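*Asks:* The annotation domain 'ABC transporter' is assigned in Swiss-Prot to 5-220. Under the heading ATP binding site, Swiss-Prot lists Gly37, Pro38, Asn39, Gly40, Ala41, Gly42, Lys43, Ser44, citing sequence analysis as support.
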Amino acid sequence: MAILIELQDICVDFEQRRVLDNIRLTLTKGNITTLIGPNGAGKSTLVKVILGLQSLSSGKIIRQSGIRIGYVPQKLKLNDTLPLTVNRFLKLAGRFSTQELSEALRLVGGEHLQSSDMHKLSGGETQRVLLARALLQRPDLLVLDEPAQGVDVQGQIDLYDLIHTLRNRFGCAVLMVSHDLHLVMAKTDEVICLQHHVCCSGSPESIAKHPSYLAMFGHRSRDTLAFYQHHHEHHHHDLSGLPVKGKASVCSHHSHGHHKHD
């Protein structure tokens with residue numbers, strides 16, 4: 001797999017306080033990586049480093065030449081007094097044709113939202129629009145900062161299924177940031193546990209049993225994860241992430257989220 005971004009012994013200090021300590025991280029094409037950690041662990045700072053928005057105190061970051069990064073922020077702040085449709089919001093991302101805007105929305109199952117008021121969207125609808133905006137760049141790397149914030153549980157499952165589908169469709173790398181792993185883990189290739197330094201990293205199965213992860217999140221999180229993996233009813237999804245009628249099935253004894261589909 002081609003390496004898109006490599007962080008080598010990254011350190012970031014704020015007023016003599018070390019926020020990131022000797023971070024080593026590699027993001028490769030086609031992989032979904034989930035960065036987890038409690039509030040204040042340095043996750044947002046690490047995202048800024050990857051996006052090139054945060055200077056380093058020491059260390060080195062290597063980016064593939066010409067890499068395109070699509071970013072979905074944790075929060076979207078809009079001026080409530082200014083009317084803004086989804087279509088107009090997407091046009092703010094650059095010079096794209098009407099067809100390109102419609103295609104981006106179609107890919108995320110949001111084509112029907114094109115004329116909707118941005119201020120009146122639900123949490124899940126907002127995330128789909130933000131994802132569509134990121135896809136307009138045809139990114140090599142998609143960075144999502146707490147993408148499920150403000151989205152209900154079923155909406156989270158649908159959102160992560162959609163991200164997984166888009167990864168398979170475009171072959172891009174995905175970096176997801178979260179403080180809660182009980183849903184995202186089923187769709188992740190690699191997990192990185194952060195508490196200013198990398199506490200542990202590896203496959204979802206190994207991290208769920210790792211002492212550092214259990215110390216950070218507790219056994220209850222692992223139990224919730226196991227329930228999601230083995231007992232939920234899931235649907236096959238089309239490219240937009242919407243369920244295909246008549247193809248629902250129940251998972252009883254296997255985890256289906258860890259295989260890469262080429």
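Every residue, even glycine, has its Cβ placed from backbone N, Cα and C.
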*Asks:* Counting only residues 6+ apart in the same chain, whose Cβ is under 8 Å from the Cβ of Asn39 (ATP binding site)?
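*Replies:* Counting only residues 6 or more apart in sequence, the Cβ neighbours of Asn39 (ATP binding site) under 8 Å are His179.
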*Asks:* For each of Gly40, Gly42, count the other CB atoms within 10 A of its CB; which of these binding-site residues has the top count?
*Replies:* Gly42
*Asks:* Quick one: which residues besides Gly37, Pro38, Asn39, Gly40, Ala41, Gly42, Lys43, Ser44 have a Cβ within 8 Å of the ATP site's Cβ centroid, in sequence order?
*Replies:* His179, Leu194, Gln195
*Asks:* Within the chain of Ala41 (ATP binding site), which residues six or more apart in sequence place their C-beta under 8 angstroms from its C-beta?
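*Replies:* Long-range Cβ contacts: Leu194, Gln195, His196.
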*Asks:* Return the residues near Ser44 (ATP binding site), defined as same-chain residues 6+ apart in sequence whose C-beta is under 8 angstroms from its C-beta, sorted by sequence, else 'none'.
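*Replies:* Same-chain residues close to Ser44 (ATP binding site) (Cβ under 8 Å, separated by 6 or more) are Gln74, Asp145, Val177.
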*Asks:* I'd like to know the mean pLDDT over the domain 'ABC transporter' (5-220).
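*Replies:* For the domain 'ABC transporter' (5-220), the model's average pLDDT rounds to 90.
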